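These features come from Swiss-Prot:
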{"type": "REGION", "residues": "1-40", "note": "region 'Disordered'"}
{"type": "COMPBIAS", "residues": "31-40", "note": "compositional bias 'Polar residues'"}
{"type": "DOMAIN", "residues": "72-346", "note": "domain 'Pyruvate carboxyltransferase'"}
{"type": "BINDING", "residues": "Asp81, His285, His287, Asn321", "note": "Mg(2+) binding site"}
{"type": "REGION", "residues": "491-701", "note": "region 'Regulatory domain'"}
{"type": "REPEAT", "residues": "575-593", "note": "repeat 'VNTR1'"}
{"type": "REGION", "residues": "581-670", "note": "region 'Disordered'"}
{"type": "REPEAT", "residues": "594-612", "note": "repeat 'VNTR2'"}
{"type": "REPEAT", "residues": "613-631", "note": "repeat 'VNTR3'"}
{"type": "REPEAT", "residues": "632-650", "note": "repeat 'VNTR4'"}
{"type": "REPEAT", "residues": "651-669", "note": "repeat 'VNTR5'"}
Amino acid sequence: MTTSESPDAYTESFGAHTIVKPAGPPRVGQPSWNPQRASSMPVNRYRPFAEEVEPIRLRNRTWPDRVIDRAPLWCAVDLRDGNQALIDPMSPARKRRMFDLLVRMGYKEIEVGFPSASQTDFDFVREIIEQGAIPDDVTIQVLTQCRPELIERTFQACSGAHRAIVHFYNSTSILQRRVVFRANRAEVQAIATDGARKCVEQAAKYPGTQWRFEYSPESYTGTELEYAKQVCDAVGEVIAPTPERPIIFNLPATVEMTTPNVYADSIEWMSRNLANRESVILSLHPHNDRGTAVAAAELGFAAGADRIEGCLFGNGERTGNVCLVTLGLNLFSRGVDPQIDFSNIDEIRRTVEYCNQLPVHERHPYGGDLVYTAFSGSHQDAINKGLDAMKLDADAADCDVDDMLWQVPYLPIDPRDVGRTYEAVIRVNSQSGKGGVAYIMKTDHGLSLPRRLQIEFSQVIQKIAEGTAGEGGEVSPKEMWDAFAEEYLAPVRPLERIRQHVDAADDDGGTTSITATVKINGVETEISGSGNGPLAAFVHALADVGFDVAVLDYYEHAMSAGDDAQAAAYVEASVTIASPAQPGEAGRHASDPVTIASPAQPGEAGRHASDPVTIASPAQPGEAGRHASDPVTIASPAQPGEAGRHASDPVTIASPAQPGEAGRHASDPVTSKTVWGVGIAPSITTASLRAVVSAVNRAAR
């Protein structure tokens, strides 16, 4: 039998249910725009919270209007409440590693075990006390039931500690009073007060320790509020706390039973009505049965609580305790210091996963592998633009980007603030668009693709992501680079640049000449040309061998800094490929225009972008209609604000006819494509020429 066929405890006992499409009548009053129907789920077996426990009605509640502007006192219960829920409970070594992590993060109250219930826990408490592992500003907390012998054993375990909290509890809920204890209210209250008296008695036997006490009416959410207050007040009378030595009353959602607002109402009611409130630290301990533990904790804190117990990444019984990481970083994301250090979230996660022997989910807030990752195209584009805007704002303010107010769409915090990099912020799959592709190419490969090239290349990646089976899988940065190289860098036919020699003009506005060795369909040949810069000269030279290139747009940038830095160049070009005419071939008239428009190159000083460039090239044999001294004009596109010429005005190079070429008009059909070419090289000149070659080869496909 395979794993998928193996029955679990539920299907084996009761048989697997079959999903049946809901087809019952709509509920009374259901609007016509809602097409949902009644299901066959046995909802009659459950009842509203107000019927199971009691309705909670709080007049003039204040918590909805409160803004959380400070951190609560935290208590980490990973070593007890978290540990008891593990498939493989922590060994002493794993416990110590967890304890040390919690101390380093800044937790000042740490529940370290249930020493009366486990020899392993007892030994661990003794170990950290005897080895001096507890810092002076950290208070350990130990858990015990209210039975006298368990309380005695608990105090023995903590002997010698500088300070300790003894946390005693008993369940007070309606359900547990009936089915577990089979006791009435007074009898259950007596369990709590007897436990409190035993704690006071034992504390007197160990005067070297600063003892504090915590009491939990366990299953508080299933307990009537008046009764929960009654039991807490009775315990308080025994402990006799003061504002300087307060008692902790912990109000756990041992089982989450209703919505967070109801829990918050109950906390505000208790905060208003507990006796001797100034001597009480009101604590929360939410579980996550309904998936709203974080909301319950935050609203309960706004409702008047002072302290929150929980576990890192929400470990704990069933669906877990409230997640201290989420609570702390929620505060951080709104500019409130959690007073805990989360600056290396991956180290925290690795330690927790090792100690608990359980993985942290990829989607777990703040710590999961995918929580700072966008696959959606629109999300990626917004993140990319947000990060760019941050850099521009930092430059404008003349400050470091890390000192700027964080404002990036879809990322509630800067991943770097918790030790992450931007490497995994954007990942590409079939849902991604140009923004994600552009981001990966920039951050992983150093290429700042022009916008139109982003659009073009993203279509290549989209096809890869969709795959032959249409699965929509992820495209890794390496796969993306391989696709880019194959598409833009690899083609070497029909044209391959071997080397070039450039003679730059001595005077501003002069003519640059180039002599280049190229291969055309594998045959090596030498070409030469002139222009207002190396790019224009190379384009002019290519026209002599049948490649008419009009440069429509051009970008360049350095890919990195340093002596071994590479440069990237991008050329958008209209490429017309016409092989040199063969003898007797009906060809091209000498006056037919070849179009080129190329912006001024970096380093070309003294020439306005609109200035014409004159190339005087000798007439070729058989060329009619032009004297050898007639100028050939190249003009680059108009720049913004340039007067007197539109960017769309035609720019022409009269290229010489080849031997035997006669009788072809400019209107004759030719192969012409507008394509992008990319070049990468140590020098920007070589990169720009490679970009032209790339464009020619892509046009030839």
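Including glycine, each Cβ sits where the backbone N, Cα and C put it.
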Can you tell me how many other Cβ atoms are located within 10 Å of the Cβ belonging to His287 (Mg(2+) binding site)?
24
The compositional bias 'Polar residues' (31-40): DSSP-derived helix, strand, coil residue counts:
0 helix, 0 strand, 10 coil
Residues that sit under 8 angstroms from His285 (Mg(2+) binding site) by C-beta distance, when 6+ apart in the chain:
Val77, Ser216, Asn250, Leu251, Pro252, Ala253, Thr254, Ile308, Glu309, Gly310, Asn321, Val322
Other residues, Cβ within 8 Å of Asp81, His285, His287, Asn321 Cβ centroid (Mg(2+) site):
Val77, Pro252, Ala253, Thr254, Pro286, Ala293, Glu309, Gly310, Cys311, Gly316, Glu317, Gly320, Val322
Where does Asp81 (Mg(2+) binding site) sit by DSSP, helix, strand or coil?
helix
Intrachain C-beta neighbours of Asp81 (Mg(2+) binding site), sequence separation six or more, cut-off 8 angstroms:
Glu111, Leu143, Glu309, Cys311, Gly316, Glu317, Asn321
